[in-house]
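Engineer: Take this structure first; my questions come after.
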Amino acid sequence: MFTEIYIILDYLLQFIHSTRQGTENSGIPFILNSNPCFLDPSICFQVPSAPRNLRLNQLRRATPPGASDPKADYAILELAWDPPERTHGDIRGYQVSHRLIGPIDVLYNHPSRLDTDLNSRVTAKPVIRNVTQTAYTSGLSDGIKFGRTYQFEVAAYNGVDLGLPAQLNISTPEDVPGSYLLHVRVKGLSATAIEVSWTPPSRQKWNEEIMSYQVRYFQPSAPNETEVITTTQEPRLQIENLKERTFYTVLVRALTRNGAGPWSAASTIRTTAELPEPPSQINGLRINPRQIKVTWNTMPVGPLAKPQIPITGFRIFYSTNENTQDLNTWQVLDVGPVTMATLDLLDPQKDYVIRIKSRGADRRYGRLSEAIHVGTYNPNELTGINKETINMPGSGPEDLSCTWVQTLETAKPGEASLKIAWKRPRQLEGLYQFEIQLLGSKTYTDERNHPHRILYEPRSVEVTVSMLEQSPTTSVNTNGYMAPAAENSHYELVIDDLEANTVYDVQIRPIYTKHAQSTVNEISTLTGRTSCRTQMLPPITVPRPIPVQVKPDTGQVVIRTFRVSESLGRIRRYYLVLYKVAPTESPKITPKSKEFNWPQKVNNVLNFSLIIF
C-alpha cells in the first residue's frame, strides 16, 4: 500500500514539473493516464524476463602464470546473449553463475558438494554480478576444467530485482595431449624409404582417447616446398619414395576429438643406399666365469679407398651354437658407438660364438662380421697383476658386475664413477681385506678429427672386511667413503674420481691372513676380474659458431661451426639453436637467468634457412 502511494506521488510530482516545463517551453500537456503504472500497475513490480539466445562463442585453453605442468591448464569460456524481451524498466546489469553438474563420478567426488544425497546435485555456485555487457569471459578464478559439464545461468536485473535466468549446459572437451610424444624413432628401410615409430604420451598427461597421429616430414634445405603431412591411426608409419642421400626432418603429434597436441622434437635422418661394414679386430676375453669382454676397432672391414659410412652403434650377437641361419635364437646386445662391451650372465660351462653388425646413420644394420669363439674361464690365461694363486677352492670373488653410476655433486668436470658388486667369498676364515685395482684406457677423436688412445696409470683401493661388515654391503671410493648395502650376500663398491668415457679393467682380490708367531703373512688368492665403461658426459665447452656470409636475396646465412673433442663421449649430432635477440640485448651475451625450452628451440631451427660447413 505504501509503495503504491509512493509511486502515485512520484508521478504527481513529475506531472507538476512536466506541466511547468511544458508551459514554459514546449506547451505539450502531460496526460496523467499515460503513466504505465496506471495502465497496468503490475508491471511496476516485475523483474526482467530471461536473456535471449544464450550461447558459447569460444572455448580456449590457458596456462596459469608460472605453471609448467599441463595438468594445471584451465578452460576459458566466452559467453554471449541478447537482452531480455521484457525488461520492465532499465536493465542495470547481468548476473552470471555456474555450477558443476557432471560427469557423475566427478560430481559426487567434488569437494564443493554440500550433501551426500545421491539424488541431489547441489554444489557451490560461483556468482559474478555487475556484468554490464551482453558477454562474459571466464577466468582462472572460475576454475573451469577440462572434461567437465557445467550449467551456466545468466539473469538481468532492473530496479526491482534479479530477473528470470537463461540456462546453458556446457561440456568442456577432454584435454588434448600436452606433452611431447615420447621416444620418436626414425630408421631407414632402404635407400628411398624410412620408418617412423613413437610411444604415445603418458596417460597422466591427458584425459581423452587419441584418435590418430599426424606425421610431418620435409627436407630441411627446402621445408616449404617439400613438406608433407600424413595421418595414421597406428604409432608407426613407413614413408616411401624419398630421395636418396637426402636429409629429412620428421615430427609427430597426436590428435583427439578436440584438437592436436604439440609437435614432437624434430628427428633428422639421411637416406642412403650403402650399408656399413662390420667392425674389425674383434676380440673376446673370458674375464670371469659369467662374463666376456668384447673389444673391436671402429674402422670397418674393407678397402680404405671405399667411402666410410658414419656408424652410430653396433649390435652384438652371441650364442652357444653357430647356427647363423636362425639369429632369432641368439642373444643380442645393442650398444652405441663404443669399442668395448661386456656380455653378462653367461653359462660358465659353455663356449660362446660372437658376431657383430654395424649400425649406420639411418639405423640400418650392415652384414655380420666373421665369428669369433670364446672358451670357458681359465684364470691362467689372464695377464696382468696378481696371477699368483693357491689351491683354495671358491676363495675368489664370484658374480662380479660393474656399471657406471651418477657422479657426486661435488665431482669436477669430466669425472665419473663406477659401482662394482660381487658375492661374498665362500672362504671367510682369515679374510681381512679386499684389494681392488683398476686399469683404464680411452680411445677417442679430438676436435681436429685425430684419433687418440690413452692408457691411465693403475688405480688401487683397499677396503677391510671390518669396513664392509659395518653395513650389509659397503660402498667406498678411492677416498674411502661408504654407502648402504642392498643385501647381505653381496658387497658393493662405488669408486669415483675416475675418467669419463673410459674402459676400466677391474680386478678384485681377497687377502687372507696366516698367524704365525704373532705375525701376519698375506696369502695371495684367486683374483676376480670384470670390465665396464664409465659414463659419457657432455663436452665441457663448445666453440661458438661464426657467421661467415649473409645472402639477403635468398635469406640464407652461412655459418661455420667447429668440431668438439669427443674425449668425454661420442657426439651423435650437433644442434644449432637460434633465438631472437631484442635490440637492447647484447648479441654476444646470453643471460644466465634466461631459460630455454630446448626441444622447442630445436624445433624452431627448422624455420630458418642455414648453410653450415
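Backbone N, Cα and C define each Cβ position, glycine as well.
Not my notes, these are from TrEMBL:
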DOMAIN    180-275  domain 'Fibronectin type-III'
DOMAIN    278-379  domain 'Fibronectin type-III'
Engineer: So how many of the residues in the domain 'Fibronectin type-III' (180-275) end up helix, strand or coil by DSSP?
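Structural biologist: Residue counts for the domain 'Fibronectin type-III' (180-275) by secondary structure: 7 helix, 48 strand, 41 coil.
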Engineer: Under the DSSP assignment, what numbers of helix, strand and coil residues are found in the domain 'Fibronectin type-III' (278-379)?
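Structural biologist: Output for the domain 'Fibronectin type-III' (278-379) reads 4 helix, 51 strand, 47 coil.
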Engineer: Looking only at the domain 'Fibronectin type-III' (180-275), report the model's average pLDDT.
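Structural biologist: A mean pLDDT of 85 is what the predicted model shows over the domain 'Fibronectin type-III' (180-275).
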